[in-house]
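Under the heading Cu cation A1 binding site, Swiss-Prot lists HIS161, CYS196, CYS200, MET207, citing similarity to another entry as support. For CYS196, GLU198, CYS200, HIS204, the entry in Swiss-Prot reads Cu cation A2 binding site. Annotated Mg(2+) binding site per Swiss-Prot: GLU198, in sequence order. According to Swiss-Prot, the feature topological domain 'Mitochondrial intermembrane' maps to 1-14, 88-227, an assignment based on similarity to another entry. What Swiss-Prot records for 46-59 is topological domain 'Mitochondrial matrix'. Taken from Swiss-Prot, the feature transmembrane segment covers 15-45, 60-87.
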Amino acid sequence: MAYPLQLGLQDASSPIMEELMNFHDHTLMIVFLISSLVLYLISLMLTTKLIHTSTMDAQEVETVWTILPAIILILIALPSLRILYMMDEINNPVLTVKTMGHQWYWSYEYTDFEDLSFDSYMIPTNELKPGELRQLEVDNRMVLPMELPIRMLISSEDVLHSWAVPSLGLKTDAIPGRLNQATVTSNRPGVFYGQCSEICGSNHSFMPIVLEMIPLKLFENWSLSLT
């Protein structure tokens, strides 16, 4: 989860988030090199006393500064497209969970079980226990098995919402009348926090998401206790 004064991304807990962090570093390095080159050229232009008044065109230079940016854009686009298609792939999910956005809470339905659904509301500040996080804790966490592909079906009952868990690389819009899907996979057990990431009304900031990833055996015991 995020912590105060954090500058970087949250620790990756899914293969998709690991790919996104690698792509971020890859792109940032290209931007840094281009910015350094531009600043260097600007400093040369400001400090040099040499001028050339007879040059009207330079075909070689124009060719270079046309081809080189195209190559750089390709180097950025190829890994970006690869990750984009990876995020859309859902191969043999072991579980499907439907989440619906409401003003201002989330509801979850485990479609592989006959009667396993619940609403998830934020716990008010005056009801928090010691050690719990303000505006991030909920009364009912969504529990899922770790290290397994899980399909999330995401929609909304009223206005636009967005279901987002940054450390898992997830952010999917919840749109009324439309069913979006995403893949959830976690490399390790833990509790992961997110929030609605689309302004949806006066209590938009009171729509936290808490996702608890546990081993498969514990998940089976949890599901049996609720059905």
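The backbone N, Cα and C atoms fix where each Cβ goes, glycine too.
Values in this document were obtained by computation on a predicted structure and should not be read as measured data.
When each of the binding-site residues CYS196, CYS200, MET207 is scored by how many other Cβ atoms sit within 10 Å of its Cβ, CYS200 comes out lowest. Other C-beta atoms found within 10 angstroms of the C-beta of GLU198 (Cu cation A2 binding site) number 18, with every protein chain shown included. Long-range contacts of the topological domain 'Mitochondrial intermembrane' (1-14) within the same chain, counting only residues at least 6 positions beyond its ends with a Cβ under 8 Å from a Cβ of the stretch, are 20-21, 24, 133, 136, 166-170, 184-188, 190, 192-193, 213. With DSSP states grouped into helix (H, G, I), strand (E, B) and coil, the topological domain 'Mitochondrial intermembrane' (88-227) comes out at 21 helix, 61 strand, 58 coil.
Predicted-model confidence for the topological domain 'Mitochondrial matrix' (46-59) is 78, expressed as mean pLDDT.
Note: the topological domain 'Mitochondrial intermembrane' (1-14) comprises 0 helix, 0 strand, 14 coil (DSSP; helix = H, G, I, strand = E, B).
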